[in-house]
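Working notes for the structure below.
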């Protein structure tokens, strides 16, 4: 009897190989064994595939259920699976920016409380309003629940669904390799029309493969932010003036606009490290120190963005820099970016690679070296940052205070000398007082010095820490592609070996048959010769006998 399960929560499929299930629906399980938190089965509509094990409760047959000594059957047991929170946690941690740092650090989501995000331009697409299953994550690329090559017969449908779910795919649907679209691309599921302007070219540079340079470089300045209000002063926010050199037209942007841009770039470019934005802050947003620090962070971020040959040219970034105060034009560009089809698996269709293939062993060696380097750099940046921050604090507080003490002591000495009004000591009194002022000035210089050297270094290291948090997930996509390719080659070689063995066996059998036939022909010829010779001898004998008679 087929194993049944009752659905506890709605689940909407987001990737090929998964199926949607509804609450209180009865599903058929192909196996009770979990595959990394997933079960494989068939829903009431005849669709076969994967769904979360924690979303269903297996129905035990009363006949096979265990009973106690009094004859009472034990209550239904629920499959021991990770909690729902574990799925959402794994999901968020496995994304780059959508948790990327792709590596462990997540980007600032666009739902923050910093600048009343949804008050003035929250146009939602139908996809955003669609219900999602508990613990599920939004898809990074548009997919369909129908499996490729599905036949009309029910048996073919189940077999293909099983094959797609358990053989050709990574069962960990929260893997960065899967969520980035790398797996779907290698399985041939990417399908989109790529215009020439959307192509991203990789060229062979002096040090190896690199992105093709931007033929039209530009710069962008960020002015001091101004405090703006709306709703008759009920809402306040900071507005930054951005002036790109290729238009020389200033546009005003709020932090939430930067936040939205960051989310779009992370989704659009899964294998490009997008630097993290300066941190959010719900309180103290209008304090001078915080405003200054955030502006510096945004300047570092913008300088990196405009120097990147791919990010600086993409449509969404150009829309961010060039769209003026026209609200309608802004919303049109926003909708276009949010409905971009060249995301996920389709992104890899936009990459144009050099004609000369790379040495896979050399690539793997360099990737391992870079992985080790990023890990060590991440560890040491923490040490450097802590050290220079401690040293800066000493300069601002300790050194300044100590030099002021020395300066005050010289000033007190000068005041003592002034009590003796002697003409010949007037110059000495001034010199002592000047010495005290000089020490105090040196203390002020120490307090100001970190802003000239240590603070910029710390800001730059913060930017690189964001990159270092992204690299593990990017490397994971590369490794996932290599692993998938190796498995495919092994399966192909295995099939070729089988075909070769079968072919060799057939040839051997044919050769043996020919050899056997040739040997039989020789024997027949030999026997025929012997028979002919014997007949000749007999004829000769009979002739001799006849003559004698």
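A Cβ is built for glycine as well, from the same backbone N, Cα and C atoms used for every other residue.
All annotation found in TrEMBL is predicted automatically rather than curated by experts.
Some features that TrEMBL has for this protein:
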- 1-61: domain 'SH3' (DOMAIN)
- 65-96: compositional bias 'Polar residues' (COMPBIAS)
- 65-167: region 'Disordered' (REGION)
- 113-123: compositional bias 'Acidic residues' (COMPBIAS)
- 152-165: compositional bias 'Low complexity' (COMPBIAS)
- 218-328: domain 'PX' (DOMAIN)
- 479-499: compositional bias 'Basic and acidic residues' (COMPBIAS)
- 479-549: region 'Disordered' (REGION)
- 506-520: compositional bias 'Polar residues' (COMPBIAS)
- 523-541: compositional bias 'Basic residues' (COMPBIAS)
PLDDT averaged over the residues of the domain 'PX' (218-328): 89
The domain 'SH3' (1-61) - residue tally per DSSP class, helix then strand then coil: 3 helix, 27 strand, 31 coil
For the domain 'PX' (218-328), the number of residues DSSP places in helix, strand and coil: 47 helix, 21 strand, 43 coil
